[in-house]
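Copied from TrEMBL, the annotated features are:
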| type | residues | note |
| --- | --- | --- |
| ACT_SITE | 105 | active site, proton acceptor |
| BINDING | 28, 29, 30, 31, 83, 84, 85, 86, 96, 97, 98, 99, 123 | substrate binding site |
Ligand code: 5RP
């Protein structure tokens, strides 16, 4: 049972939650892509939905599948968002943004009545923080913002190395919103709410990858022998 099989199993359960007429937030990443492929099959079989993509990559993937797209200007309230995550804890708190789409992902999730996370069960962790926390920043005054982020992190009882994310060519990674990302390798985040508040207090921070109180359910797939077993946390 491979990673793609597990992603597809979680995505398949999420596609079953989609009903005709829904306005859907559509996430970013390889698990969200598995969902987009299955959603595309349903759309071609007659399902009528409108998707709001969380990144330019997701927009392109949805267009390739023939999924009708809209914006939050046209549809400010969504029925359901389906997205991946980098880590999920028992309280459905998440780290997201490994793929760099955290700002749009959070705006879309916040506009949704329900947010269902789809993931490999290996991402279900007792304590968030082994995955580096992405922090999206405005590049103006980066040196000062970087220092302020370090202080904010310490004030929330965390410590670790922080680096500016680089693209494959070595230049700073740029998000769809034109910002940079600082990845904070903290190992453990004992109080995510405290860290979230501390980061939001830094003026150059545009958004961070802690998604707290947004996910209503997580669909987790794990391999048992040759089968993918799906567990659901929360209320999808
Ligand atoms: C993108 C994200 C993704 O949902 C997260 O990185 C998980 O990606 P994948 O499904 O490829 O493991 O937050 O910003």
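Using the three backbone atoms N, Cα and C, a Cβ is placed for every residue, glycine included.
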Give the number of CB atoms, excluding that of residue 30 (substrate binding site) itself, located within 10 Å of its CB.
13
Per DSSP, three-state class assigned to residue 98 (substrate binding site):
coil
Sorted by sequence, non-28, 29, 30, 31, 83, 84, 85, 86, 96, 97, 98, 99, 123 residues with Cβ within 8 Å of centre, substrate:
27, 32, 101, 105, 119
Enumerate same-chain residues with a sequence separation of six or more from residue 83 (substrate binding site) and a Cβ-Cβ distance below 8 A; give 'none' if the list is empty.
25, 26, 27, 28, 29, 32, 54, 96, 105, 108, 109, 115, 116, 117, 118
Extent of the substrate binding site in Å [max Cα distance among 28, 29, 30, 31, 83, 84, 85, 86, 96, 97, 98, 99, 123]:
16
Give the residue from the binding-site residues 96, 123 that has the most other Cβ atoms within 10 Å of its Cβ, counting over every protein chain displayed.
96
I'd like the Cβ neighbour count for residue 85 (substrate binding site), meaning other Cβ atoms within 10 Å of its Cβ, all protein chains included.
29
Please name the residue among the recorded positions 28, 98, 105 whose C-beta has the most neighbouring C-beta atoms within 10 angstroms.
105
With DSSP assignments reduced to helix, strand and coil, which class does residue 85 (substrate binding site) get?
coil
